[in-house]
Amino acid sequence: MAENSEPRDETVSKAERDSDVNAADLNQENDVVMDEVDEEVISDQTPDDQVADLKQQLDDAEDKYLRVQAEMQNMKTRLAKEQAQAVKFANQKLAGAVLPALDNLERALQVTADDDASRQLKTGVEMVFNTLKQALADNEIEAIGQVGEAFDPNLHQAIQSVPADDDHPADTIAEVLQKGYRLADRVIRPAMVAVYN
């Protein structure tokens, strides 16, 4: 009986070993199957769907890139424009400060010179006036407001009104009381005028 128990023990242990091996194989196969199921759950798309999805993501990324590029280009353009404006109108404050001196020189030239000394002084003032006027013109600063010109509220400030007649139509400048000036297309000081009404 002891002999029978040994082969039986061997058979049992062999069966146990086989079952352990089979269990390990089953566990490995189960893991592989579970991984495949997980992959299917994660990506239940066909390869064509995956390619289409990736193309869509690429298109979205390219679109974002192009938008950022366009925004950067717009920003560069805007900054260049602002810089050009700043350079163009940099002299505005200085011109505004110089204009009263120009007005005073112009008034001084309206005085009649009776003697030689007065005429020489007037000639000197005229030279200074012309030099200053030329410097302003060189920097795109020009006078606005001429008699007979159409009244423009963007350029002129009406101080008085004068009755219109056949020779002088309404809404034209009758008299310039103080010249106005503009720098390029920006008004520094409007002309003070009397307008036919």
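Each residue, glycine too, has its Cβ placed from N, Cα and C.
As given in TrEMBL:
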- 1-20: compositional bias 'Basic and acidic residues' (COMPBIAS)
- 1-32: region 'Disordered' (REGION)
- 51-92: coiled coil (COILED)
### Message
What residues elsewhere in the chain lie close to the coiled coil (51-92), defined as a C-beta under 8 angstroms and at least 6 residues from its ends?
### Response
45, 139-141, 183-184, 186, 188
### Message
Give the mean pLDDT for the coiled coil (51-92) on the 0 to 100 scale.
### Response
93
